[in-house]
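**Student:** Please read through the structure below; I'll follow up with questions.
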Amino acid sequence: MCGILAVLGVADVSLAKRARIIELSRRLRHRGPDWSGLHCHQDCYLAHQRLAIVDPTSGDQPLYNEDKSIVVTVNGEIYNHVELKAKLTTHQFQTGSDCEVIAHLYEEYGEEFVDMLDGMFAFVLLDTRDKTFIAARDAIGICPLYMGWGLDGSVWFSSEMKALSDDCERFITFPPGHLYSSKTGALRRWYNPPWFSESIPSTPYNALLLREMFEKSVIKRLMSDVPFGVLLSGGLDSSLVASVASRYLEETKAASQWGNKLHTFCIGLKGSPDLKAAKEVADYLNTVHHELHFTVQEGIDALEEVIYHIETYDVTTIRASTPMFLMSRKIKSLGVKMVLSGEGSDEIFGGYLYFHKAPNKKEFHEETCRKIKALHLYDCLRANKATSAWGVEARVPFLDKSFINVAMDIDPEWKMIRRDLGRIEKWVIRNAFDDEKRPYLPKHILYRQKEQFSDGVGYSWIDGLKDHASQHVSDSMMMNASFVFPENTPTTKEGYYYRTIFEKLFPKPAARSTVPGGPSVACSTAKAVEWDAAWSKNLDPSGRAALGVHDAAYEDTPGEAPAAIHPVTDNSLRPAIGESLVKPVA
């Protein structure tokens, strides 16, 4: 991941303004500690902080076409750059960077080239011939991008809010799958897949096709000129990424540079579910495994720094970002600059435990569509910013455009949780990799129940956060929360605590509006809360709030009543009432 900052149409073109833009760009240096670049053209500035992963020696940015009339600053990776270069036979490339192709594609095709890109990206391109510019963000919003407006009429773009929030009167999250053109002064959606309309698909389930598409997605993300690894929690998604990567690593260019043994990384409190499961998967795949530990206090001590980097006050995002933030620091210290991660699978396949309550395939499919559309505000934001805080890039194979198209075209009846047919959550992807002859994973890992990252690192992590927040937020503060925070009013002491930290770091009203709100249970959208009347009384993003579904919830403690009859207070997490447990099918 890199950091980009573009300021276009400023009224002040003094040396002081240039110095200010350099200063603001430095706020993104954690994202790209390897090199800094700045291009100035009249009243336009394009700045870049580089994390060098492909072509480290010559791919510094900004990048240009042959005569430097087109300038582009890019954050991301273009996985099909070799194929795209083959179409541009009349163009001369100056670097080996995968991102240079963007400047030449614009020169050849104009603004309509963006859909040709296969990768994750956020970029700003300036055409100095007529001083027009465009900005675009990848289909799902894996790479972050913000857009702002100055009082002097300038337009700003930045990888993170912190580089523009002080100087812009208003700013927003740049929507994924969109392009902004200065010619029209408007945003338009360039990404228009069939699933976006939320109409119900009817294509039969094809397990081999699904497996093939996912393997291709993982393989293309092994493109790297620096050491890399896989974030391995021991759950289904990260284990599949690690399995496919280790199976095909030997055939890649990266193996010839860095060896054909995959490195895997896991973090958790000592004794946590993830550590045990990850070790088992790593042993099975014969990876070089790095088990990292943290304490609840170490996580609490990092909270303010975490919120500064991830730029949100969303409770579940902060819970999960903190261990990922701590792990990324350790990973970088080992010389690793890129990791593969398993985000996106739960949104595509309905893997969150609340999907057990989906009343029919129509509502199931519509919820998966809503979840994918919101990924840029939650898991993509977390995976990108928690790792980029330490100069590590996270790649997410499940969010490959082609893979999503195949997965979202499956008749959702196949994705529904059907206990009578032995189908647990995400059965379609589990079954696709259930190969008796050449197993990808041990059976019990392949059918392990979903654990959200903030739960899997150790259940006492969330309990510790709640206890800490309760010590700092009084009942009277909660009573007046709607007056202090009328927008997205926090409903728990934990949420209130995070909000006060966020407001201290990012005090402008525009900042708080970049964070989503609304009721949620076990990471559901507000709409899905309607699936079960009991959920409205148990609004918590933890997977253990999926009442009657999670089979690894809080254990009862001696002297207490069974957890299933505990009253729900302060959005506490209690195991569930109502539905019998769904057991993995061996």
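Glycine too: its Cβ is placed from the backbone N, Cα and C atoms.
TrEMBL does not curate its annotations; it predicts them automatically.
Sharing the record's features from TrEMBL:
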type	residues	note
DOMAIN	2-185	domain 'Glutamine amidotransferase type-2'
ACT_SITE	CYS2	active site, for GATase activity
BINDING	ASP98	L-glutamine binding site
BINDING	LEU231, ILE267, SER341, GLY342	ATP binding site
SITE	GLU343	site 'Important for beta-aspartyl-AMP intermediate formation'
**Student:** Pop the Cα-Cα gap between ILE267 (ATP binding site) and CYS2 (active site, for GATase activity) into the table, whole Å please.
**Tutor:** 24
**Student:** Of ASP98, LEU231, ILE267, which is closest to GLU343 (site 'Important for beta-aspartyl-AMP intermediate formation') if I measure between C-alpha atoms? They're all binding-site residues.
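**Tutor:** That would be LEU231, the closest of ASP98, LEU231, ILE267 to GLU343 (site 'Important for beta-aspartyl-AMP intermediate formation').
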**Student:** List the Cα distance (Å, whole number) between ASP98 (L-glutamine binding site) and GLY342 (ATP binding site).
**Tutor:** 23
**Student:** Looking only at Cβ atoms, how many others are within 10 Å of the one on the residue listed as 'active site, for GATase activity'?
**Tutor:** 28
**Student:** Considering each pair of residues in LEU231, ILE267, SER341, GLY342, all listed as binding ATP, report the largest CA to CA distance in Å, no decimals.
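**Tutor:** In whole numbers, the farthest two Cα atoms are 15 Å apart.
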**Student:** When a 10 Å sphere is centred on the Cβ of SER341 (ATP binding site), how many other Cβ atoms does it contain?
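**Tutor:** A 10 Å sphere around the Cβ of SER341 (ATP binding site) contains 26 other Cβ atoms.
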**Student:** May I ask which residues of the same chain, at least 6 positions away in sequence, place their Cβ under 8 angstroms from the Cβ of LEU231 (ATP binding site)?
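**Tutor:** Within the chain, LEU231 (ATP binding site) has Cβ neighbours under 8 Å at SER238, THR264, PHE265, CYS266, MET324, MET327, VAL339, LEU340, SER341, GLY342, ALA394.
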**Student:** What is the Cβ neighbour count of the residue listed as 'L-glutamine binding site' at a 10 Å cut-off, with all protein chains included?
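**Tutor:** Step by step: centre on the Cβ of the residue listed as 'L-glutamine binding site', count other Cβ atoms within 10 Å, giving 24.
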